[in-house]
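Okay, structure first, notes after.
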Amino acid sequence: IKREIKMRKLDSTKVRPLKSEQLLRIDDHDFAMRPGFGGSPIPVGIDVQVESIDSISEVDMDFTMTLYLRHYWKDERLSFPSTKNRSMTFDGRLIKKIWVPDVFFVHSKRSFIHDTTMENVMLRVYPDGNVLFSLRITVSSMCFMDFSRFPLDTQNCSLELESYAYNEDDLMLYWKHGNESLTTDEQISLSQFFIEEFSASSGLAFYSSTGWYNRLFINFALRRHIFFFVLQSYFPAMLMVMLSWVSFWIDRRAVPARVSLGITTVLTMSTIITGVSASMPQVSYIKAVDVYLWISFLFVFLSVIEYAAVNYLTTAEERKQLKKRGKVQTCVFLQAMAFDGCYHDNEADIDMTTFVVHSEESSARGRAASIPNLDATRIKRKRSLKGNVGRIILQNNHVIDTYSRIIFPTVYIVFNFFYWGLYV
């Protein structure tokens with residue numbers, strides 16, 4: 001008899017968890033119906049704690065957020081007697097047996113409830129029938145971004161919550177504690193954005209087939225950090241534009257040097273523009289960074305066009321001078337020397353030509369007599385260049401180069417003042 005009594009005691013402890021379901025009288029009610037069905041809409045309070053903003057994607061125009069979503073409502077069918085007024089806490093296994101609000105995220109792309117090590121769901125029932133239902137969720141939702149001021153932009157995104165089946169006649173969705181219903185972790189930070197503010201708001205959404213629904217909004221503003229783009233886009237573009245100005249100070253006859261410099265800066269600007277475009281969505285309007293990069297590209301391109309004009313005018317001017325002096329026979333020689341990257345002043349060229357002609361006419365005098373004249377000419381050329389380098393450089397400058405040295409930097413500085421004043 002004693003053994004049977006002990007076995008009964010052990011059996012009674014094994015079925016003890018069933019007493020909670022019996023205490024809540026779950027089997028006595030139809031929980032497919034909302035609380036107070038047929039009467040006034042049931043109030044469901046919401047509060048949210050944002051744990052982290054995991055990522056912001058400009059290409060996909062979405063954001064990913066991890067949050068704690070808590071629902072508050074009263075279901076008198078779940079009330080139970082309690083002498084100490086203590087609540088009962090359950091995990092996700094009881095959720096499928098009772099009524100819970102069907103809140104979903106509007107414009108969401110992906111979402112899931114965390115399940116490590118168990119499903120992150122908590123249900124707490126109070127003796128008077130008040131219920132707390134909490135979830136830990138990660139959701140990816142759309143954010144309609146405007147890139148017209150990129151990367152000097154501020155994006156306003158929102159996560160929207162709404163009941164899927166119950167319109168405002170059956171369910172009233174509201175923020176449980178007003179503006180204080182939305183809390184955030186102080187350590188939330190993003191690599192490219194500064195989070196300016198979080199705010200909670202509410203409104204109504206209308207569907208032509210089902211009516212009006214209560215909708216809650218989690219709003220936050222993101223201001224982009226510009227330092228990364230200054231280093232990766234703006235600063236290199238400035239350097240390329242200033243590098244293109246160096247060609248204005250190079251000898252106009254140094255064709256390989258000036259052409260190579262111009263082509264290099266143009267190709268570098270093209271690479272910078274391509275890199276920025278590859279990391280952005282294919283929008284049909286102009287962005288702020290496009291304005292800066294394309295105008296910088298225009299300055300670099302104009303520096304190449306400027307030298308093309310200088311080279312053409314220089315060649316035309318030399319031909320006129322040669323025709324006036326009657327030295328058409330030396331035209332081929334001077335044109336070849338113009339492409340070797342070296343400077344030849346007029347006085348030295350005249351002396352060299354005189355020497356060559358004279359040496360041909362008096363070739364009978366012998367090789368020994370011509371060598372001292374050649375050495376004397378070279379010494380004279382070196383002395384002439386050594387004492388008049390500054391004068392030679394100034395005289396060899398084309399008027400277009402002279403004006404370009406002033407106009408190009410001035411216009412670019414004015415453009416920068418207007419650009420940064422407008423967008424910043």
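First residue shown is number 1, and so on along the chain.
Placed from the backbone N, Cα and C atoms, the Cβ positions cover glycine too.
According to TrEMBL, the protein has these features:
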type	residues	note
DOMAIN	26-225	domain 'Neurotransmitter-gated ion-channel ligand-binding'
TRANSMEM	226-249	transmembrane segment
DOMAIN	234-337	domain 'Neurotransmitter-gated ion-channel transmembrane'
TRANSMEM	261-280	transmembrane segment
TRANSMEM	292-314	transmembrane segment
TRANSMEM	406-423	transmembrane segment
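When averaged over the domain 'Neurotransmitter-gated ion-channel ligand-binding' (26-225), pLDDT in the model lands at 92.
Non-local neighbours of the transmembrane segment (292-314) in the same chain are 233-234, 237-238, 240-241, 244-245, 247-248, 252-253, 255, 258-259, 262-263, 265-266, 269-270, 272-273, 276, 398, 400-401, 404, 408, 411-412, 415, 419; each lies 6+ residues outside the stretch with a CB under 8 Å from one of its CB atoms.
When Cβ-Cβ distances below 8 Å are used as the criterion, the transmembrane segment (406-423) is approached by residues 149, 152, 241, 245, 248, 288, 291-292, 295, 299, 302-303 of the same chain, each at least six residues removed from its ends.
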